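Here is the structure we will look at, set down as structure tokens.
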Amino acid sequence: MNLNSIPAFDDNYIWVLNDEAGRCLIVDPGDAEPVLNAIAANNWQPEAIFLTHHHHDHVGGVKELVEKFPQIVVYGPQETQDKGTTQVVKDGETAFVLGHEFSVIATPGHTLGHICYFSKPYLFCGDTLFSGGCGRLFEGTASQMYQSLKKLSVLPDDTLVCCAHEYTLSNMKFALSILPHDLSINDYYRKVKELRAKNQITLPVILKNERQINVFLRTEDIDLINVINEETLLQQPEERFAWLRSKKDRF
């Protein structure tokens, strides 16, 4: 399987997995044009689309792609049923695509119906987990997002985190504002800064590394607890997550 990223809009990535025969899976096609261009350039045959949630920058290209390739099966959560989804999937179910079994993981927070798809090593996590950050809480609660991230953080170490936006640099600036002396965060920030200066993608990232540099996955880390305790005493990791998310919203 080959993993490909297609830039869209200002900072979106549309992910495409293809096999040696050229069959492909498209994830969150917010815009059809760059996908159609990539399909033509690579002679791919689209078999399926995965949708993680209902926001337009993730579903906007579905209609045109299905018109062009009517055999495509469109998988998505209930909230995408009016966005072109033909096969509604929910937590604990599986989608069989390109000969691989993808587990569906419910991850409410960014939206109430947000889902992720996992087939080792690929995690298509939409706007739930970003490198160095997590999605804004447009519909769900901090508690829901905390639990969703916990689900993802226990996936295998070598999981490739394929999120939908190039937010890594701004996320790492925030991480440095919280833990300015953390060696892992500083090293990763420098690496990301160099990549973005060359207009290069920072994704996918390896989950094992993400656990070290993403403050939203470190709510039980003593260094982070000490920082938060300087401002307020919060006993539960869930409360610390909410504190971080609120800080990031104002950053």
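Cβ atoms here come from the backbone N, Cα and C positions, even for glycine.
Taken from Swiss-Prot as is:
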type	residues	note
BINDING	His53, His55, His110, Asp127	Zn(2+) 1 binding site
BINDING	Asp57, His58, Asp127, His165	Zn(2+) 2 binding site
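All features noted in Swiss-Prot, drawn onto the structure.
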{"residue": "His53", "record": "Zn(2+) 1 binding site", "DSSP class": "coil"}
{"residue": "His58", "record": "Zn(2+) 2 binding site", "DSSP class": "helix"}
{"residue": "His110", "record": "Zn(2+) 1 binding site", "DSSP class": "coil"}
{"residue": "Asp127", "record": "Zn(2+) 1 binding site", "DSSP class": "coil"}
{"residue": "His165", "record": "Zn(2+) 2 binding site", "DSSP class": "strand"}
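Annotation for His165 (Zn(2+) 2 binding site): same-chain Cβ neighbours under 8 Å, separated by at least 6 residues, are Asp11, Asn12, Tyr13, Asp127, Phe130. Annotated Zn(2+) 2 site Asp57, His58, Asp127, His165; additional same-chain residues within 8 Å of its Cβ mean position, judged by their own Cβ, are Asn12, Asp28, Gly30, Thr52, His53, His55, Gly126, Ala164. Compared over the binding-site residues His55, His110, the count of CB atoms lying within 10 A of a residue's CB peaks at His110. Most Cβ neighbours within 10 Å among the binding-site residues Asp57, Asp127: this distinction goes to Asp127.
A straight line from the CA of Asp57 (Zn(2+) 2 binding site) to the CA of His110 (Zn(2+) 1 binding site) spans 14 Å. Same-chain residues with CB within 8 A of the center of the His53, His55, His110, Asp127 CB atoms, the Zn(2+) 1 site residues themselves not counted, are Thr52, His54, His58, Thr111, His114, Gly126, Thr128, Gly135, Phe138, Ala164. Listed in sequence order, Pro77, Glu79, Thr80, His110, Thr111, Gly113, His114, Ile115, Gly126, Asp127 are the same-chain residues six or more apart from His53 (Zn(2+) 1 binding site) with CB atoms under 8 A from its CB.
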